[in-house]
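A short worksheet on the structure shown next.
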Amino acid sequence: MPTSKDTPAPDAPSKDTHSKHAPSTCKDCKPNPSPNTPSIAHLVAPLPTHPEFEHDPLLPQALGEVPAPAGQPDPALRLRRTLAPIVEPAGGVLDPTVFRPLKLAGKSRLSHDTARYRLALPRDTDTLGLPIGQHVSLAATIDGRRVVRSYTPTSLDSERGYFDLIVKTYHHGLMSSYLDHLPIGGSVDVRGPKGQFNYTPALARHLLLVAGGSGITPMYRIIKSAALDPGDNTRMSLVFANVSEEDILLRNELDHLTTKSNGRLTIHYVLEHPPPGWTGGVGYVTREMLEERLPTGGPAGGKVLLCGPPGMTKVVKGALKDMGYYVPRRPSMLEDDIFVF
Ligand SMILES: Cc1cc2nc3c(=O)[nH]c(=O)nc-3n(C[C@H](O)[C@H](O)[C@H](O)COP(=O)(O)OP(=O)(O)OC[C@H]3O[C@@H](n4cnc5c(N)ncnc54)[C@H](O)[C@@H]3O)c2cc1C
């Protein structure tokens, strides 16, 4: 099984031969005969409430799931205000109010439960149009129900003609299983940009980024953008926690970015079950690990970005609160000391 070590460096030419051609022209791009497996069929109802729906009660109307009451403004207009990014879109394929079907152009497994999905933009010259720090919504009709979930692409807008998602497959997870079984050439609906975070080189002198597992995706896009930009002087300290060494996503890419960053990026890998001879952190993320890497001068010196499983974010927020950080509202806002994705 390929691991993250098999993936190309972020700015190296792609070796993914399946990403740029029409799937029908490639003998290796055979459609999966069963896009919807019976394993998720019993989960159709009730769909668990998802954070996506907590912030905008009109979202179901805008998605056409319930009719808008007569006399009320077009829900799509409200959606544009509530879900639209805090900056103008960078010009690209994305629209914050309209889902566009985009085709799966390539897929590669990165770990036992996580894969990289490459979605083709309509033209080779197209850019996605996603500000750094923001994410997209994916939607699909799965066994008769409209399912919408958020994902953070790992590619930059400078990568034209496609964008990449790294998605962990959950047993019985609706969207992640749908993607896992999506054949090359199959489509999923995409809308965006979304989110309250907008990274610019002027945002902070120093960022402490704390990620767990697939929570690396928003951090990775920020790090990639900052490390590859010679005009960006932001210092970045990443604490990246995983269960075992095989679970570390994008490790080659992250190590490559460390080299490219001219000393601005340092990474502390933390493993719950380290292999013999492991020299990184062991166990869970601790207060000491954070303290050693926090921006000098506390909250005034820089921000903390956080993305990972609920247990990890709770412990990290508690430790930071003890160290004088203001624990953020939910959802986090750009001006918060700690931004939780
Ligand atoms: C801003 C943002 C960005 C994100 N970016 C990424 C990203 O880049 N990559 C990524 O992998 N994820 C990302 N996520 C998480 C993603 O949005 C989904 O939540 C995730 O993929 C799971 O969705 P799902 O439909 O597969 O699972 P769901 O169907 O939502 O299920 C989630 C879990 O609940 C369990 N479950 C489902 N139904 C039931 C039931 N009836 N009874 C009991 N258990 C049940 C499933 O087994 C699974 O473990 C992001 C989330 C946010 C908010």
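Note: Cβ is positioned from N, Cα and C throughout, glycine not excepted.
Unlike curated records, TrEMBL annotations are generated automatically.
Feature annotation from TrEMBL assigns region 'Disordered' to 1-43.
Per TrEMBL, domain 'FAD-binding FR-type' is recorded for 97-200.
Sequence annotations record features per position, and here TrEMBL assigns FAD binding site to R149, Y151, I166, K168, M175, S176, T217. Look at M175 (FAD binding site): DSSP puts it in a helix. Same-chain residues at least 6 positions away in sequence with a Cβ under 8 Å from that of M175 (FAD binding site) are, in sequence order, L138, A140, I142, V147, R149.
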For FAD, residues beyond R149, Y151, I166, K168, M175, S176, T217 with C-beta within 8 angstroms of the site's Cβ centre include exactly L138, L165, V167, L179, S214
Span of R149, Y151, I166, K168, M175, S176, T217 as binders of FAD, largest Cα separation rounded to whole Å, comes out at 17
What DSSP reports for the domain 'FAD-binding FR-type' (97-200) is 8 helix, 49 strand, 47 coil
Counting across all protein chains, other CB atoms within 10 angstroms of the CB of I166 (FAD binding site) number 23
K168 (FAD binding site), Cβ-centred 10 Å count of other Cβ atoms over all protein chains shown, is 18
